[in-house]
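First up is the structure itself, then whatever we jot down about it.
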Amino acid sequence: MHRYRSHTCAALRKTDVGSNVRLSGWVHRVRDHGGILFIDLRDHYGITQIVADPDSPAFKVAETVRGEWVIRVDGEVKARAGDAVNTNLPTGEVEIFATEIEVLAAAKELPLPVFGEPDYPEDIRLKYRFLDLRRETLHKNIMSRTKIIAAMRRRMTEIGFNEFTTPILTASSPEGARDFLVPSRIHEGKFYALPQAPQQYKQLLMVAGFDRYFQIAPCFRDEDPRADRLPGEFYQLDLEMSFVTQEEVWETMEPVMRGIFEEFAEGKPVTQQFRRIAYDDAIRTYGSDKPDLRNPIEMQAVTEHFAGSGFKVFANMIANDPKVEVWAIPAKTGGSRAFCDRMNSWAQSEGQPGLGYIFWRKEGDKLEGAGPIAKNIGEERTEAIRTQMGLEDGDACFFVAGLPSKFYKFAGDARTRAGEELNLVDRDRFELAWIIDFPFYEWDEDNKKLDFAHNPFSMPQGGMDALENQDPLAIKAYQYDLVCNGFEIASGSIRNQLPDVMVKAFEKVGLSQQDVEERFGGLYRAFQYGAPPHGGMAAGIDRVIMLLVGAKNLREISLFPMNQQALDLLMNAPSDVSPAQLRDLHIRLAPVQKS
């Protein structure tokens, strides 16, 4: 017999009754029922119940074992009595009567429980991650991660993509976040950078004549952590294609992404035909470029109903600035003063002066609007708003006013809040859509200059003609995002592969041709030698997995994540290094100036 096991802890069934077997694993829990010991033995695959009575030669050792000890058990498979069958376990019809137990490794008193999975302080969980990973839900999440990534690889290979690995040590590149820098020992005063994404390398692969590339790519960005973003590193399904339009990228990747979700959604509905929503429409309708389309609320402009009205707060704003708009946020079934007051209080907690509203109710045979706004704008305007928004008895509508560029995020948050408060969001489905036609440039108010709105390597719609003749802020990019349930899960573009167009695009943000050659020299040189039209995208693997397993944050689907302060509590990183190491790297640490 094998030294440690003949079967795993999930393998035995009623057909194995009478067999002599050997199992090894962790003691999940021990129960004493009238002098008979029951041990739940756990391994990677599952749990099997072990029984030791006082007549068993294994009983003496069984009395000593404690939770999370590692043991080997020899014994006979027996059928459980009818009332003892555990239908929650695949092995629940059998148990092992132990004839021998060997302790392979004892365990100290646990700093956190493995059995039962109660909430526990996250820093303790991360410091003892090797114990945390034994817990059922986290263990299952990590296995789901492995299967989802394997499915991504399989699906990409099936449609003709080839997997390439690109360098981890590369040059620093301004791609929107801070780089992690690696000092060079050989080249004094010089630094490598960990790649924020394989952006330039995958484009170089297209120039090199490879047609379809993909990679499960590690990416490194020194940015502040959020619930939907891990500090330090993350992984993406990175891909690039030659001789394609953006429509062909969508048509290629939509079946892949839909298939991944369907395979792991556990029966939840998945969007069959992904909508394509222009960025400007997404902002005006949902207040976000990553809208949760499970929320049925759609905003509309109602500026005309307030212009010249008796509601002077909005009317005066409209009169003083033609760019001012009023947006309406409909709230089906939200027509109670209590709900409207809660929304108003929430708006104030978000730093807003309030959230104006109208709600409608039947007065006899007549449907009337109520609230301060209805009183001030009058019955005719109130009815016009109700008709435009398609509202009825028991519904409400909230209003925000000002410059859309200033208030759209708050309006989107109000839409989200109303949808959640009124239980309008169907949480048991995955709603995917493409957001397209992103702006190419944006105005950087802090530095009073033009900047790229998204990927600087995107092709502007209209090419050189647009760069030379259009208002920069009106130029759109061949840039697109894939969104799901309020998260951006992928981003991509058709690339700017023409050297003269590339230089002109960077000139608009204050970078000269020399700057372009210095910062993106490899890519710029490559484009001098015949670059095919190409494009691609990158899907955030961590976010996709988080959505599919229903985790509350990314640390719940990652093996060894850092905490919210970007500290690895298990490995104690970042850490001090020796003076000799610093000397080899030509680094001298200056005292930290305390403010």
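Using N, Cα and C of the backbone, Cβ positions are placed for all residues, glycine too.
Taking Cβ-Cβ distances under 8 Å and a sequence gap of 6 or more within the same chain, the neighbours of R495 (L-aspartate binding site) are Q203, F457, S458, M459, P533, H534, G535, G536. The L-aspartate binding site annotation in Swiss-Prot covers E175, R221, H454, R495 and is backed by sequence analysis.
Annotation comment: Swiss-Prot describes R221, D222, E223, E488, G540, I541, D542, R543 as ATP binding site, evidence class sequence analysis. E488 (ATP binding site) falls within a strand when secondary structure is assigned with DSSP.
The region 'Aspartate' annotation in Swiss-Prot covers 199-202 and is backed by sequence analysis. Same-chain neighbours of the region 'Aspartate' (199-202): 166-167, 170, 173, 175, 213, 215, 238-240, 455, 457, 520, 522-523, 536, counting only residues six or more beyond its ends whose CB sits under 8 Å from a CB of the stretch.
Spatially close to H33 (site 'Important for tRNA non-discrimination') yet at least six residues away along the chain is no residue at all, judged by Cβ distances under 8 angstroms. For H33, the entry in Swiss-Prot reads site 'Important for tRNA non-discrimination'.
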**Message:** Using other CB atoms within 10 angstroms as the count, which residue among the binding-site residues D222, D542 scores least?
**Reply:** D222
**Message:** If you pair up every Cα among R221, D222, E223, E488, G540, I541, D542, R543, the residues annotated as binding ATP, what's the maximum separation in angstrom, rounded to an integer?
**Reply:** 19
**Proximal but sequence-remote residues of the same chain as I541 (ATP binding site) (Cβ under 8 Å, at least 6 apart)** = I148, I149, M152, I216, F234, Y235, Q236, L237
**Fill in**
Simplified to three states, DSSP reports D542 (ATP binding site) as helix
**Rounded Cα separation (Å) that holds between E488 (ATP binding site) and R221 (L-aspartate binding site)** = 17
**Request:** Ten-angstrom check, please: count other Cβ atoms within 10 Å of the Cβ of E223 (ATP binding site), all chains counted.
**Result:** 15
**Prompt:** Under the DSSP assignment, what numbers of helix, strand and coil residues are found in the region 'Aspartate' (199-202)?
**Reply:** 4 helix, 0 strand, 0 coil
**Asked** What is the total of other Cβ atoms whose distance to the Cβ of R221 (L-aspartate binding site) is within 10 Å?
**Response** 21
